[in-house]
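Below is one structure, written out as structure tokens; comments come after it.
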Amino acid sequence: MQHVHPDDKTRSFYTGIGITLAIALVAGVLCKIPYLDIMGQLVLAIMIGMIWGHTIGLKNSHRSGVQFSSKKLLRAGIILLGLRLNLSAMYDAGLHAFLYAGLLLTVALVTVYSLARLFRVNKTLSILTACGTAICGAAAIVAIAPLVKAKESTTAVSVAVIAVLGTMFTLIYTMMYPFLPFTDYQYGIFAGGTLHEIAHAVAASTAGGEEAENIAIVVKLTRVALLVPVAILIGIYMKKREPQNNKQRFSLKTLPIPWFIFGFLAMSAVNTIGFLPESVVNLLISLAYLLLSMAMAGLGLNVEFQAFKKFGFHVFFAGLLGTLILIGCGFGLIYVMGLG
């Protein structure tokens with residue numbers, strides 16, 4: 001077996017990050033071109049990443065750096081983006097955001113799981129795909145996977161399904177935005193309540209401007225926060241299904257807690273107090289968008305269509321139909337709840 005020198009691994013790691021940075025910068029230039037500007041830098045970064053991944057390709061040695069961008073830099077960007085928000089505005093949206101997000105999360109969990117089982121998808125893959133659709137995409141899938149004892153291959157398929165669906169609907173939302181009967185605020189609620197990943201919600205909501213983006217993040221982070229109670233319920237359910245002689249005590253310490261939400265709230269508090277000069281805040285927000293664009297590039301590079309060939313399209317169609325039902329419910333609830 002060939003020995004890999006630590007310096008080579010480090011170089012490959014930073015090369016992977018460098019690829020996402022290059023894509024983010026190119027997307028930043030392209031988004032200033034007429035007709036492409038409606039997509040925005042974040043959506044363009046996803047598209048370029050997908051094109052790069054399926055033409056030039058991505059070396060396995062570079063994947064660790066790309067994963068770092070798509071996960072760690074995403075969270076760093078979200079935290080810094082908290083500087084855009086005022087806590088009083090979040091408080092005003094709080095109850096409505098919670099109810100809207102909670103209702104749609106329940107719809108998505110029940111619908112996607114039921115459809116997947118109807119299409120004869122195994123229980124583990126059905127649970128993971130339902131959680132990915134309902135809560136926060138790949139992050140929810142990876143968090144729930146140990147609770148349901150999912151194999152790596154099963155987790156990978158679920159992540160691939162959500163990545164493809166989320167990216168597809170992000171592009172559709174962006175293209176359809178001018179034709180939707182929503183105010184910018186309503187569009188932000190809709191995007192935050194129905195799209196899969198945090199990255200997808202942020203990318204799609206940029207089409208509606210700052211107001212749409214702000215409320216989209218609030219609604220989406222409300223869904224992310226609900227990962228903890230969902231994980232508790234799934235953990236208890238799985239423990240009850242274990243054979244009596246194999247049962248271990250369920251521990252709250254093993255629960256996946258999205259700590260970055262507290263960083264986001266802390267940055268919002270800093271902005272509310274007015275602790276930082278406006279010039280510094282603007283600089284940090286620009287940095288947030290660069291980090292988010294790099295995360296989008298990583299998301300696009302990680303979309304793997306090959307997984308469907310091995311496991312079939314049943315889970316994809318369950319996710320697709322479930323997402324369409326989620327979108328329909330999200331659309332209707334905007335008016336039923338009188339949001340915006």
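Start at 1 and count along the chain as shown; that gives each residue its number.
Yeah, the Cβs are placed from backbone N, Cα and C, and that goes for glycine too.
The transmembrane segment annotation in Swiss-Prot covers 12-31, 36-58, 94-116, 126-148, 155-177, 215-237, 257-276, 281-303, 315-337.
The stretch in closest packing with the transmembrane segment (36-58), judged by the count of Cβ pairs under 8 Å and taken from 94-116, 215-237, 281-303, is 281-303.
Contact between the transmembrane segment (281-303) and the transmembrane segment (94-116) is not supported, since fewer than 3 Cβ pairs fall under 8 Å when only residues 6 or more apart in sequence are counted. Counting residues 6+ beyond its ends, the transmembrane segment (155-177) has Cβ neighbours under 8 Å at 38-40, 43, 46-47, 50, 125, 128-129, 132-133, 137-138, 141-142, 145, 187, 191, 194-197, 199-200, 203-204, 207-208, 299-300, 302-305, 307-308, 310-311, 315-316, 319-320, 323, 327 in the same chain.
Non-local neighbours of the transmembrane segment (315-337) in the same chain are 96, 99-100, 103-104, 107-108, 111-112, 115-116, 118-119, 121, 125-126, 129-130, 132-133, 157-158, 161-162, 164-165, 169, 182, 186, 189-190, 193-194, 196, 308; each lies 6+ residues outside the stretch with a CB under 8 Å from one of its CB atoms.
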